[in-house]
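**Student:** Below are the structure tokens for one structure; questions will follow.
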Amino acid sequence: MTNVEVAATVAPNQLLDTLTLDNIKEYSNDIDIIELRIDQWEDRHLELLKSNLEQLQELNINANVLVTYRTISQGGKGEMTHEAYMTLLKEIIKNHHCQMIDIEWDSDFDVFAHRDLINLAHRYNKQVVISYHNFQETPDIDILKFTYYKMNQLNPDYVKIAVMPQDKEDVATLLEAVATSADTLDAKVIGISMSKVGLVSRTAQGVFGGTVSYGCLGEPQAPGQIHVKTLKQQLLFYSNH
């Protein structure tokens, strides 16, 4: 059984609104990480990010901020070219006061460029979540384990896979990959089977060696997300049994 951190995903249109800020404050005891999505912004990413981070700092709560730009190819709204995406992440790493950054992984990407970016993040004392998302299916167990293995080779702090299940067997496949990888890899493992079918992957993550579960404060930002308070309660239930 591993300790599982709760990440609350927020995706402001521009600045964080009063309701979201109040919710973060109200449920701060249930939140370990605030995932700030920025792919919904069409432009002014660095300017808006600076303002959002200042808003979160003013709350004075004990939670790390994870900045995520999710591309269309991995289920987000981000339309940047890969080169522009990598440049944006470099600027965020060097110039913004967040504690964590999400870096997408794909088998077609330049391994050396990704390793350099992760090393840069570590030089600026930022933790790295390297992530892979598949909104169409759950790959075979061997592909999932190999993906975790390849991501781990880049020396991130966390390796994350989120996939779409078609049935309960797909959920079991994802959780088996999480359990095996958690026992063998240096990085902390995150595994999410999306939608209602995969809810157990969020609530029982710690049973299988997972380390972070993503929830919401209002409207879910990914299929199957539940409110952070409910998520925290469910995680505690599994940790006490």
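Cβ coordinates come from backbone N, Cα and C, glycine included.
Note that the structure is predicted; figures quoted are calculated from it, not measured.
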**Student:** With GLU35, LEU36, ARG37, ARG70, ARG202 listed by Swiss-Prot as 3-dehydroquinate-binding, which of these, GLN14, GLN99, GLN225, is given for the same site?
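**Tutor:** Swiss-Prot lists GLU35, LEU36, ARG37, ARG70, ARG202 binding 3-dehydroquinate, and from GLN14, GLN99, GLN225 it also lists GLN225.
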**Student:** Tell me whether GLU35 (3-dehydroquinate binding site) sits in a helix, a strand or coil according to DSSP.
**Tutor:** strand
**Student:** Let me check the 10 A CB neighbour count of LYS160 (active site, schiff-base intermediate with substrate). How many other CB atoms are there?
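**Tutor:** Cβ-Cβ neighbours of LYS160 (active site, schiff-base intermediate with substrate) within 10 Å number 25.
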**Student:** What's the CA to CA span in angstrom from GLN225 (3-dehydroquinate binding site) over to LYS160 (active site, schiff-base intermediate with substrate)?
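**Tutor:** So the alpha carbons of GLN225 (3-dehydroquinate binding site) and LYS160 (active site, schiff-base intermediate with substrate) sit roughly 16 Å from each other.
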